[in-house]
Amino acid sequence: MIEKRRQDGNPYPPRTLYMLAVGILRHLRENGVHFNFLDENNSNFYDFRKALSARMAELTNQGVGTTTKQAEPVSRGLSQRHIVSKDIKHHLQNPALYDLYEGYLASIPPAAGDAFYRRPLANRGENGELRFSSQPIGVNKLSYIIKNMSTEAGISGFFTNHSGKRTCATALYQACSPEQEIMSRTGHRSVESVRKYKRPSSEMLKDV
């Protein structure tokens, strides 16, 4: 198990090694061999489990298989909409977003609690304006709100609700805000965690 590698010679990720061991165990059971070499109480295979655990720890320390898929920040760039524009760069904040939220807050009725997102009503007002219920949007719908918005807008990429936090952190980095201030906004407890958001900054500037 320690010497097991891919066909190209590169090592398997730690989780893959463990799943290979599980696959061997399943094969043995299907063929009438009923013992569990992964059972901590089985002392006969203590050396095997110890060697497997040590190899998995070694691969983890080397960074093998530790790459995770992360949500992308919302760049507001035209390239995500596949729109070709003139080579003009600007960094002005769009006041339309403020006006949008200001109009939304003026439209929602008062309700108990601090729910921000309310259910839209099917019937519009007398002047055609949108109306909202006092009931908040459900948790399940909120969990996919960024993903659904990016899909309906035709924006390609991996966007989740976490993209909002990454966008906020990146914008604060562009504004040269202190790391402690960014941590207070994003909720991170360590500087190392919040520094992971530095990389998208240059990518966002390309898309503007």
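Using N, Cα and C of the backbone, Cβ positions are placed for all residues, glycine too.
Listed in TrEMBL:
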type	residues	note
DOMAIN	133-201	domain 'Tyr recombinase'
REGION	184-208	region 'Disordered'
COMPBIAS	189-208	compositional bias 'Basic and acidic residues'
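Summarised by DSSP class, the composition of the domain 'Tyr recombinase' (133-201) is 43 helix, 4 strand, 22 coil.
Computed over the domain 'Tyr recombinase' (133-201), the whole-number mean pLDDT of the model equals 81.
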